[in-house]
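In what follows, a structure is listed as structure tokens, so that the remarks can point back to it.
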């Protein structure tokens, strides 16, 4: 493709859309990041940055965080809601709450909080869904507005800790997920001498569409039905505690792709709010939960990997629906709260790693079959003759199907002993030559070619063996078929020479990236420039800042990767800071209750028994270094 341009590369990987301007491709074909979105012209080349890290002793794979992107995302959400409030003359304010379950890393939480430090009135709170998260939030929330929302199932200890948080000066909302929690809250509040701030999570009839739609709807794991809501109201009235009910919460599910679903959910929850107010409650906060999506594939569509709306439209819909409803039912307008963790964190982190090798299916030169060869082999040779000639476009489809059918029959005859190994190998090579020729001859402009083109792209894709664990670093790609953008970090100024699939280094056939962003869609292979041992390039996995670290598992005992924080200083210089070493072999052994110290003693016994005395020290040193080493590959040249 001699007329390949950088614009072609940008379109091929759709980077301008899924990255929202945070990542891009430079004119020399290098992937860049704008680490401080307030200075978009200040870009960093990820390829050179990764190489510099390696030179400084940080082994790949490495997860790189850009905290200034977190700041920008927080402020963008707050600004969108503030503008919507002004536009619709909404008579209250907005609070952004970060649910730390999305990414509990201290660096991430602290940077999110730091984005609001300079604000006269911070618009940021924190959410916890478990006792460990609550303990973290109680210590960290003082750096924000001190608003804490407690979700999830709760026992007595969780509830007491939340109430103690109120005594520590925080505004702690205990959201009731089930009826039994109310009694415990009231008992413990009385014992501690605290007036609780209560919230209700209502279970809406409406259910948004998406991978996480089970979070909402009538069969949701969480929340109270309409009848249970009335029971709570009556119980609070009997205890003369109705004033404590300050927050209404609902959750449609994470990654809601369709703005109509959001609008409909807010409308139904708004009716709950108005009815509660009519019953005498004094609800002050309307918490819409999560749902603000990330456009992972950049298609701006209703697919589960995308969203058909922007941030401004999201805020406008929520504010306008609530404004109209409160006016219609003559109720005061509550403070709006959203818990938009995925949107805040996804873009800020990228995994950078190396390719340890490739396997390409290249056809070999073939000779025609012997005259006395089975007719089946002559049929396959005829397919090759036809496809290498000037077959018309429709004939190409027939040739493909005939050749695949013949190859299937070859395999069957081989299995029953009627064809030998050499004949099978010859047939497979002919089929490969036919497929390669067809791949170059077919065109996606012909609708009837497209299914076969997709098959050929998969069949002929190169295998890239990449130094990472899918299960540790991209667990959602394996578990729920989530799409994450993948790109080579350099060489994009040259036309792709092949298509490839990315395979991790675990001993599991599931360790394969099955879906790739390409153009305005999702493909099963990725276009890539030429890769050789002499001119290798690195691979980047993008938008991995939400959920992936905490959900990652240790399949094959591949542990946490190295990580680093990269910041742009006031002079536009790149600062690599807060480098955290990933797990060592000893670390991951300890996670599964294997004792590296006792292993070392065993090694010493074995070395003394089996190794010559002059070799023992070196062997023991290598074994000890093995326990201290990185779990990923470090020397594979």
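Glycine residues also receive a Cβ, built from the backbone N, Cα and C atoms like all the rest.
Since we're looking at a predicted model, the values are computed, not measured.
As given in Swiss-Prot:
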type    : residues                                              : note
BINDING : 286, 287, 288, 289, 290, 291, 292, 293, 294, 295, 296 : substrate binding site
MOD_RES : 101                                                   : N6-(pyridoxal phosphate)lysine
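Residue 288 (substrate binding site) falls within neither a helix nor a strand when secondary structure is assigned with DSSP, and so counts as coil.
Fewest Cβ neighbours within 10 Å among the binding-site residues 288, 292, 294: this applies to 294.
Sequence-distant contacts of residue 286 (substrate binding site), defined by Cβ-Cβ distance under 8 angstroms and a gap of at least six in the same chain, are 247, 248, 269, 270, 273, 322, 334, 335, 336, 337. Annotation note: residue 101 (N6-(pyridoxal phosphate)lysine) sits in a helical segment as assigned by DSSP.
Cα to Cα, residue 296 (substrate binding site) and residue 101 (N6-(pyridoxal phosphate)lysine) are separated by 20 Å.
The two recorded residues, residue 290 (substrate binding site) and residue 101 (N6-(pyridoxal phosphate)lysine), have Cα atoms 12 Å apart.
In the three-state DSSP classification, residue 294 (substrate binding site) falls within coil. Around residue 101 (N6-(pyridoxal phosphate)lysine), the same-chain residues six or more apart in sequence whose CB sits under 8 Å from its CB are 127, 129, 130, 133, 341, 547, 550, listed in sequence order. For residue 296 (substrate binding site), other Cβ atoms within 10 Å of its Cβ number 24.
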